[in-house]
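To keep things clear, I will list the structure first and then write my remarks on it.
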Amino acid sequence: MAEEVLIPSPKKITSHLTGSLLAVAFLTSFGSSMLYGYNLAVVNSPAIYIKDFYNKTVLSRNGTGLSGETLTVMYSLTVSVFAVGGLIGSLVVGMLVTHFGRKGTVVNTAVLVFIAGALMGFSRICGSPEMIIIGRFITGIHSGISLSVVPMYLGEIAPKNLRGFLGLVPSIFIGTGVFSAQILGLHELLGKEEHWPLFLSVVVVPTFIQLILLPWFPESPRYLLIEKNNVHATITALKWYRTRCNIQAEIEEMQEEQRSLSSVETLSVLKLLQDETVRWQVLTVVVINIGMQLSGIDAIWFYTNDIFENAGIPPPEIPYTTAGTGIIEIIAGLIGCFTIEKLGRRSLMIGGFTMMSICSAGITLALLLETRLSFMRYVSVCCVVGIIAGFCIGPGKFCESDTNLLSRTYSFVFEGRMLCYVWKALDCHPQLYVNEQPN
């Protein structure tokens, strides 16, 4: 069977979108990538209840409550420890995908979500703020791993002509996760004081569904052939993910890559930076990621409610306004997903950054003039929506997969390090912005 498949073929490596490809893309993104978006936004709505829980717990332990400044710092730690966990997750993902495989890493790291969900869900019963912080830290580790391994898995099971489309599916689900947190955080659902532990721990539901279904799907064909040298399993996986098309060319391409990798020495980041053949590609990846972090999107995500309150939106209307931005985020993600193959990554990236720049200038002007011109608060809200839309159309969609600019040999070395710096920046931003929030 293997000999028949390995006959040289001149045909192009293309294929149609199959049900199995779409199912894996949705399943991995639903149970992993969506949790990243959910955990970014979940701390917004119950912030006042979590702070009150912290204060009451310390009061019962020590006889004195927390000062406003200490309470703010403690809540800031709850927010930013998620990114510290993500930093650690991004550092260990290379070791995990080599040992467990791409799908295996997604499945095995699901246990982190259940541990974190249990800690946060039972934190009030146990009277332990530490359980919330540890739970957030563990969800951060899981998100740091997922942010890398899910696009990697989908990129390796997809044919070349569908990698752009499938590569953006996780980003759409990140937006869906943010939107889900905003909807569930409404007072009519889980936004009440008695429900906030459940609100934090509901992340176990999509992971449980993923854990039931994902093991039935094959591992990445590239991992099976190049790292496990299992030709028959590779053929089986390719047939599972493809329609009636030629898979010989894909087998041959992976075998050629396997031969080239066997003669390539292990690269360090320093050697990668010194390699003139990929200097512009590396510079492009670095600039994109730095631009993403300096765009201010983290402030928008973490403190949406405060931004809208400062813009003059009545407090009872803020949760619904925030949920509206979640819809915009999903729509913008879908626009990017269905236009990437036609417009290309570069056009969407430039357009997204341009839109964010204009809206950032607009929101600054609106906040300065809102005391004199009442309509400026609505301009401010529109600019916030524009920043989110621009980010989701452009930079937010490609920061996870922009190492496609490099060959797979270089990409594997560089991706984990780059994500490490992204998570570190994500950790710093909440701590910087929290000082600007009113006590």
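Cβ atoms here come from the backbone N, Cα and C positions, even for glycine.
Sequence annotations record features per position, and here TrEMBL assigns domain 'Major facilitator superfamily (MFS) profile' to 25-439.
If one looks beyond the transmembrane segment (21-38) by at least 6 residues along the same chain, the residues whose Cβ comes under 8 Å of a Cβ in the stretch are 103, 106, 110, 113, 139, 142-143, 146-147, 149-150, 153-154, 157-158, 162, 166, 169-181, 203, 206-207, 209-211, 213-214, 217, 241. Annotation comment: TrEMBL describes 21-38 (among others) as transmembrane segment.
As annotated by TrEMBL, transmembrane segment applies to 73-98 (among others).
The transmembrane segment annotation in TrEMBL covers 105-125 (among others).
Beyond the transmembrane segment (131-153), the same-chain residues lying 6 or more positions past its ends with a Cβ under 8 Å from any Cβ of the stretch are 24, 28-29, 32-33, 35-36, 39, 43, 50, 77-79, 81-93, 96-97, 102-103, 105-106, 109-110, 112-113, 115-120, 122-123, 167, 170, 200-201, 203, 220, 400-401, 415-416, 419, 423. Per TrEMBL, the feature transmembrane segment maps to 131-153 (among others).
Positions annotated as transmembrane segment by TrEMBL: 165-184 (among others). Sequence-distant contacts of the transmembrane segment (165-184) (same chain, at least 6 residues past either end, Cβ-Cβ under 8 Å): 17, 21, 25-26, 28-30, 32-42, 44-45, 150-151, 154-155, 158, 190-191, 199, 202, 301, 319, 322-323, 325-327, 329-330, 332-334, 336-338, 340-341, 392, 396-397, 400-401, 404.
Outside the transmembrane segment (196-217), and at least 6 residues removed from its termini, the chain residues within Cβ reach (under 8 Å) are 20, 23-24, 27-28, 30-32, 34-35, 38-39, 42, 45-46, 49-50, 53, 103, 106-107, 110, 113-114, 116-118, 120-125, 132, 135, 139, 184-185, 190, 240. The transmembrane segment feature in TrEMBL is assigned to 196-217 (among others).
The annotation transmembrane segment is assigned in TrEMBL to 280-303 (among others).
Residues or ranges marked as transmembrane segment in TrEMBL: 323-340 (among others).
TrEMBL lists 347-369 (among others) with the feature transmembrane segment.
Within the same chain, residues 171, 175, 292, 295-297, 300, 304, 307-308, 311-313, 321, 324-325, 328-329, 331-333, 335-336, 348-356, 358-360, 362-363, 365-367, 369 sit at least 6 positions outside the transmembrane segment (375-394) and bring their C-beta atoms closer than 8 Å to a C-beta of that stretch. Feature annotation from TrEMBL assigns transmembrane segment to 375-394 (among others).
Averaged across the domain 'Major facilitator superfamily (MFS) profile' (25-439), the predicted model reaches a pLDDT of 79. Long-range contacts of the transmembrane segment (347-369) within its own chain (CB-CB distance under 8 A, at least 6 residues past either end) are made by residues 288, 291, 295-297, 310-311, 336, 339-340, 376-377, 379-380, 382-384, 386-387, 389-398.
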